[in-house]
Structure formats: C-alpha cells, structure tokens
Amino acid sequence: MTAFKTLDDIGDVTGKRVLVRVDLNVPMIDGAVSDATRIQAAMPTIRELSDKGAIVLLLAHFGRPKGAKNPTQSLSLVMGGVEDVLGHSVMFIPEAVGEGAKAGVAVLAPGDVAVLENTRFYPGEEQNDPAFADALAEIGDLYVNDAFSAAHRAHGSTEGIARRLPAYAGRAMEAELKALDAALGNPVQPVAAVVGGAKVSSKIDVLRNLVGKVDHLIIGGGMANTFLAARGVDVGRSLCEHELVDTANAIFDAADAAGCTIHLPYDVVVAKEFAPNPPTRTVNVHEVAADEMILDVGPAAIEALADVLKNCRTLVWNGPLGAFETPPFDTATVALARTAAALTREGSLTSVAGGGDTVAALNHAGVAGDFTFVSTAGGAFLEWMEGKPLPGVDALKA
C-alpha cells in the first residue's frame, strides 16, 4: 500500500511550482457554491504546500464542456467558494496550458495559490493526449493528485501528467487509499459488505468482485427483489429485473464456491403505492400480494443483519437497503447504519462507505461522521468496488 509517494516524501518545495489535481466539480445554486465538501477535502494539502512555500497551482474540471471553452463552466465561477474555504484571496488563471498559463504562473510568489482554468476546455484532457500532458508539465515542477473522485479517469490531468513529473498523493488521496486498503485490500476479517440500490444491472461487477472478497454480502434495495425472484419468490409489483435472474443465480453459485454468505431479507415492508407514508404491511417475503411492492427490509431481517455486523470486523457499504428518500421506507437503512456506527465507535468494526446515495443515507441517519471513512468519490468508489484498476492511482505508483 506504500507503493505511492505522499507529501511526506516531497522534500523542500520552497518556490517550486506544484500542480495539484483537486475536485472542484461542486454544485452551484444562483451562481454560488452550494456544497463546499469537495473544496474542503483538498484544503489540508493546499495549506500544507502553501505553508511550505510552494507555488500551488490547482488543476480541476467543472462540468462536461467536451473540449471547448464554455463560460458557464469556467472555474472562475467557483473562485468565491475556494477563497471562502481557504480564507484568503486566490488568483484565477484563465488558461490551463500555453503562454497564457505560463504568464499567470510567472507572477506568483512562494505560498501563493492559483486556480487554472477548467482542464476539460481542452480536447487533450479527456483524450489523455501526450501533447496536452506535456503542456501541463511545462508549467509545473511537481505533481500532486488529491482527487480520488477522478482517479478512475485516464485523463491528462490525472494520469498523463503523473508520468511526466515527480508525482505524489495528496492528503485526501492518501486517506482514501489507506481506508480502501483497510476495507478490501488487506482487511481484518470477517468482512461484510452491504450493497443496495435500485438495480442489479448497475452493480453486477461489484457483486461479482465482492463474493470473492467478503464473508457476508448483504443485498438490499430494489436489487434484492431480483435475487428473491431468482429464489422463486413472487415479488408482486416490486421493482425487479426478471431478465437478470440467471445473473443472480450465477452470483449465488460464485458466492457458494467462495464461501461467501449472501443475506437477503426474509421479512419486508410492502405497500400498494410508492408514496410518503402510505398504508403498509410487514410480511414474510412469501406473502407479498400481487398488487404490492417491496419497499424496505422488515424488522426481523434488520435484527438478523445487525447480528451479522456484530460478528464482523470490517464493513464496506454502498447503497441503501430500501427506498430511504421516502418515509417510512428509510427504517432499515437508518437502523443498520446506526448499528454500524455504534460498532465503529466502540472499536470493534472498521466501516467504509461510499457512493452518492450512500452518503445521503448516512447523513439522513445522522451517522456519517461515525463511520471510519466515508468516500464522496462516486464513480471511482464504484470502480474500486468492482476491482478495476484506477489509472490515476496506478500512475502514482509508477
């Protein structure tokens, strides 16, 4: 896990131009940053380098401009958010490469921080064009990647440049990689995984990878219905991908071969309409009526799943157990998340969670701060769970 270098290895950076890849792809409302979480994540790295006298040059993308300049996707729009979080003025350089970028960098002094323009304004970014990576490398002396959320992309600012300059992991990247290694790379066993969400089709590769790595696989959300159907359960009007029953059976077989126990709900909360607080029934999975939908895991199954977690030492969580955005179908997700949080607080469980819906669910349960690590990385977290190589990480190991 120490195959990559961190800021501990970077040496004297006084007066050095350090290109730092960060995640500034933040949500905006009425022209202002509405959630600065991603900016805040990069602050320890930015401050550390600035305090050590580096010239800190921030590289990032914003939106999907598809290789063309678009003023509605300029990083100038997020400057207010960056300055608010950092607590002082930051220079904006309206180019990322070329003479304009070089001129902007030339006026900076040690300790200064600047944001370069959206890297995706250049076709060479997403194409990982060697010429674009060369042009980026011309304006820096060192490279730091602090954007795990973009590490699954082989782009010029994540992969190409890391092979042209001395490359290091920033503090946020370092924390993420250590947490992920503790969860699946070299975990304390037994290991449990919670995988939820609406569709099996979006998580097939995750499930196939996990059955070979974890001891207990807890499947929830709409995707559990497909697995129940594969076991011969009539799930009524529930969301169910009947065309993937064979895939579900293949995953059952792979789990059996690997010694992984798959846990499905055996009691469920059903309703005839998917709406807030409708009339509901809690029934055995074999008692779902033809006009009912499964919308959450039932109380007996929640208790059994809590017992599974109590006997595990490591947990990876991706996706809610029920339709958590719509009460009362948040009950199972909240209850199991609070169990995991309590076990983490008492020191018996290492808990790592990730994915947009997962973060929202843990925040809803009020326990995101109690998990060992919560990743906001989305696609990169999912590809890591699938066991796929992450080009931005691999480039740091070169």
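Cβ from N, Cα, C; glycine included.
The substrate binding site annotation in Swiss-Prot covers Asp23, Leu24, Asn25, Arg38, His61, Phe62, Gly63, Arg64, Arg120, Arg153, and the record cites sequence analysis as its basis. Around Arg120 (substrate binding site), the C-beta neighbours below 8 angstroms that are at least 6 residues distant in the chain are His61, Phe62, Gly63, Arg64, Pro65, Lys66, Gly67, Gln73, Glu126.
What Swiss-Prot records for Lys203, Glu325, Gly355, Gly356, Asp357, Thr358 is ATP binding site, and it gives sequence analysis as the kind of evidence. Annotation for Lys203 (ATP binding site): spatial neighbours Val195, Gly197, Met223, Asn318, Gly319, criterion Cβ-Cβ under 8 Å with sequence separation of six or more. In this structure, Lys203 (ATP binding site) belongs to neither helix nor strand by DSSP; it is coil.
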Could you give the Cα-Cα distance between Asp23 (substrate binding site) and Gly356 (ATP binding site), in whole Å?
15
At the Cα level, what's the spacing in Å between Thr358 (ATP binding site) and Asn25 (substrate binding site), rounded?
19
Site extent for ATP, whole Å (max Cα pair distance, Lys203, Glu325, Gly355, Gly356, Asp357, Thr358):
20
Which number gives the other C-beta atoms within 10 angstroms of the C-beta of His61 (substrate binding site), all protein chains shown included?
25
At the Cα level, what's the spacing in Å between Gly355 (ATP binding site) and Asn25 (substrate binding site), rounded?
16
CB within-chain contacts under 8 A for Gly356 (ATP binding site), separation at least 6:
Thr376, Gly378
Inter-residue C-alpha distance, Asn25 (substrate binding site) and Glu325 (ATP binding site) (nearest angstrom):
24
